[in-house]
């Protein structure tokens, strides 16, 4: 049997979609899922009926719940688990990684409690033995799985890794991969946009309209850029796929869980009720707390993120948060 060239860890909607994209090109791909019962269903159905119904698996994609089997002799590993599971996933995988393995992730978030970027977590856990890379950009899983045109950014600490992995994923007809040497900026864009998307959803849930949504996206981009520059990112990253691209998609399309969560809040649901109504992980909920703490540590002003935090964690009404934002002192753009 041919050794898989790519293993994707995490069989949710996005992990499954990425695995399909690799396998669609004929690349031997393994998708690992934690839940053995759900994996057995996928093995029988040849699709992920729970998250991506009617998206059949290519012949070169296999699914397993055996982590050792999934990682054996694999060169390219892509982690796609929620940010709160990222550290534990790496610790579980580390002793099973091949000596030559390179590790990428498509997780968008910060480490809970510490607020560290995920590359810091990966470096601490894996050391310098394995090259690292991150995938980020404006993508919805269902559209990727269906082969609809998509573009993302990929950044790495190792140029050979990013060139090879981007080449495996890139497809002239449906999937364009842009490489980017801003390892910090590509990661940060995927985090902050989740928070701003909650705000955009709240504004629409309240009924504020397109003008307010556009203003919020624009000023949200300014907040992202301020924080990114303070952390050493490049400003041009935030006008690319991993910044503005992801921000626009997540703030304007109802496929976004973060946006739908915000809309539910704007329509009067409480935080817990709104979270339950989504039915899947809402990364922006945790991201909000972590981003606000990160900004405070670095003395970066992020008023939109701060007001969203007040709604999620301090019981402020969304309407009052909007009033407080609009009542801020006028200033030069």
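Using N, Cα and C of the backbone, Cβ positions are placed for all residues, glycine too.
Of the listed candidates (65, 133, 141, 310), Swiss-Prot assigns 141 to the same NADPH site as 13, 14, 34, 108, 257, 283.
When the candidates 62, 72, 193 are compared with the sn-glycerol 3-phosphate site entry in Swiss-Prot, which names 108, 137, 139, 246, 256, 257, 258, the shared residue is 193. For residue 193 (active site, proton acceptor), the nearest of the binding-site residues 108, 139, 141 in terms of C-alpha separation is 108.
Here the binding-site residues are 246, 283; the one with the fewest Cβ atoms within 10 Å of its Cβ is 283.
Separation of the C-alpha atoms of residue 14 (NADPH binding site) and residue 139 (sn-glycerol 3-phosphate binding site): 9 Å, rounded to the nearest whole number. By neighbour count, meaning other C-beta atoms within 10 Å, the densest spot among the recorded positions 34, 108, 193, 257 is 193.
It is 12 Å from the Cα atom of residue 13 (NADPH binding site) to that of residue 139 (sn-glycerol 3-phosphate binding site). Taking only the Cα positions, the spacing between residue 246 (sn-glycerol 3-phosphate binding site) and residue 108 (NADPH binding site) is 11 angstrom. Rounded to a whole value, the Cα-Cα separation of residue 139 (sn-glycerol 3-phosphate binding site) and residue 34 (NADPH binding site) is 24 Å.
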